[in-house]
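Enquirer: So TrEMBL lists the following for this protein:
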type	residues	note
BINDING	80-87, 145-149, 199-202	GTP binding site
DOMAIN	71-252	domain 'Tr-type G'
Amino acid sequence: MMLKSNLKMRLCKRHLQKLQQCIGTEKYRVDREYSFTGLTYQVLKRLYATSGEKAIFNKEVKIDVSQYPPERVRNFSIIAHVDHGKSTLADRLLEITGTISSRQKNEQVLDRLQVERERGITVKAQTASLFYTYKGENYLLNLVDTPGHVDFNYEVARSLAACQGVILLVDANQGVQAQTVANMFLAWESDLEIIPVLNKIDLPYADPEAVAKQIGNLLPVEESDILKISAKTGLGVEEVLKTVIEKIPPPVSDWEKPAKALLFDSYFENYKGVICNLAIIDGAIHKGDKIIAHSTQREYVVQNIGILYPKETPTDVLYGGQVGYITAGIKTSSEAVVGDTFYLKDSPVEPLPGFKPAKPMVFAGIFPPDQSQLSFLRDAINKLVLNDSSVSVDLDSSASLGQGWRLGFLGLLHMDVFQQRLEQEFNASVIVTAPNIPYKVKIQGAKYIKQYGSDEITVLNPCRMPDSSVITEYQEPLVLATIIFPVEYIGAIINLVLERRGEQIEQTQLDNTRVLMKVKFPLNEILVDFFDILKSITSGYASFDYEDFGYQVSEMSKVSFFLNDVEVEDMTMICHISKARNMAKKICAKLKEKIPRQLFKVSVKGKVGSQIIAREDINALRKDVTAKCYGGDITRKNKLLAKQAEGKKKMRQIGSITVPKNVFIDIVRKD
Ligand SMILES: Nc1nc2c(ncn2[C@@H]2O[C@H](COP(=O)(O)OP(=O)(O)OP(=O)(O)O)[C@@H](O)[C@H]2O)c(=O)[nH]1
């Protein structure tokens, strides 16, 4: 801990040692320790403030949550389109209420994951409790910062279950965007109070009046009632807190009833184990209570319970209407089912309806680089799924990659983030196969119907697609996309829609300058590069959101790939018959580019149906990395060999051919 030197000089050595021992330990309690160290409360507080440890200081003060009956509690969430400033507003609210120090004010405190900080996006909803005094009354406010990107929509939907209202944040420069509309409907469906707020009014091109009109077209609000703030400078942010208290209804709860709590999130932390986020509906849960999880009927003892302030802060009890965390010796993701109801042993209650399960849109195989790491990877996936319940997990195996899993994600960014988190948070290196989507097929022939168990099957892995001779009908998944764009780009957008086999369903003029278009697309057509192309043809002005829209009968074809005439099952793809030939050619060319030259010639072939329609050859190369090191310098030789061994870790053997382990996913990524 860095202490300012002038303060250091004023403290005698004994005090300093004592304080340094105490800081950051659970033993430390401000009220007891200040007399113990001989320092006054004020000096201690200043010392903490100067050393940047104010949050710990706050944390160590035991908070009496019995002072906050439901009418003194507000549970709300911040929802918005990507980058409209949710995390910045959350920071500002934490700062104003003294939950974080001003030193931390620009740190996006609730974006805790490394991946969030690196990518500058929120991928995980985070809860924080704040205390605020308004008109002489103390309030406990529970704030949930949610992600904006469509791939993490499930996080938003789940978080809303713990709230009675939302702040709908809209960038006063960009205006209403696709995820603004999507998130607003989510809040509407959940019957939540919506407080519209215009952000970034400090920007020179902000046009609060025009954007307020756009909001007025969407929501039944008076334009003059829409708050106008700058989350960055703090302008108008205090007003947001007051409006939250005035407009958002308190939770409905009865402390006299038996305890009932909703598990709305969970995560794993080293040394602490599984931490569950609970919204207490009725009654109270105390440390030491025996509780039952309704879905598994398992019994647990509450080991720790408290609020997120913004880190876990024990309060030993949580009452109806409040939101917080518990640890209770829960070990696996199968025990911590989000949407589950917890109640006290011997006081069963009617369970809550739970959550609509997430519907994965994209599937990919995940395999360890070598099979010795199988159990390590299993453990890592289990822990990460605890933190991200929208991922589906099934066992899978492949001839070239061995044992592994087929995981389902809500989109490609979700898949990327999951892989990155596995690597960063759990040090687990993985091979991810090309993403694909679930197709339905109808099959004929008693033998095949018996083999597959039905005459209509869903195929999650393209290499398990039955032979085309037994398929009578293919069905491909659809999405209903919302695209919002400036009116001058309408021609370019219509061309893109046609090229991607889209069908326009609806077109609305949002105001004089912008159009909202609803389009039915085959999911396959928007998966990889659609959004980038949309952005580039509209100079970055279009926004895009989509939701599941069932299936349609279509003509599909299997495209498979061969390296030296050996089929690489994990590269198999399904695509529309009109695009299959191009796809085969494109992927063969990419494979040629991505696979390094070997000691022998490698042929790459692409097959559509039963016909080989593309071929590329990778010429042989003989590479002896130590060839240049003739003479006696053994250390240099060893260094080169070590470098080569390091490179090999990034490689994978398919038969006799060495390929980069990322090749499966790289062939479908745009360059
Ligand atoms: N000028 C200005 N910039 C702001 C304001 N609020 C946020 N920003 C900036 O906008 C960018 C996005 O802000 P975030 O808070 O990360 O947005 P977000 O909505 O949490 O983003 P996602 O979680 O990825 O959806 C950052 O660079 C912020 O500094 C504001 O009031 N004024």
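Using the three backbone atoms N, Cα and C, a Cβ is placed for every residue, glycine included.
Heads up, TrEMBL stuff is auto-annotated, nobody curated it.
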Enquirer: Cβ under 6 Å from an atom of ligand 1: which of these binding-site residues qualify? The list is K86, T146, I201.
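Expert: Once distances to ligand 1 are taken from each Cβ, K86 fall under 6 Å.
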Enquirer: Which whole-number mean pLDDT does the model give the domain 'Tr-type G' (71-252)?
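Expert: In the predicted model, the domain 'Tr-type G' (71-252) has a mean pLDDT of 86.
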Enquirer: Taking the binding-site residues one at a time (K86, H149), which has its Cβ surrounded by the most other Cβ atoms within 10 Å?
Expert: K86
Enquirer: Count the other Cβ atoms sitting within 10 Å of the Cβ of I201 (GTP binding site), across every protein chain shown.
Expert: 21
Enquirer: Need the DSSP three-state call for I201 (GTP binding site) to compare against my parser.
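Expert: For I201 (GTP binding site) - judged by DSSP and reduced to three states - the answer is coil.
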Enquirer: As a test of the contact definition, list every same-chain residue at least 6 positions from A80 (GTP binding site) whose Cβ is closer than 8 Å to its Cβ.
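Expert: Listed in sequence order: K86, G148, L168, L169, V170, D171, Q179, T180, N183, N199.
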Enquirer: Check A80 (GTP binding site) against DSSP and tell me helix, strand or coil, would you?
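Expert: Assignment for A80 (GTP binding site) reads strand.
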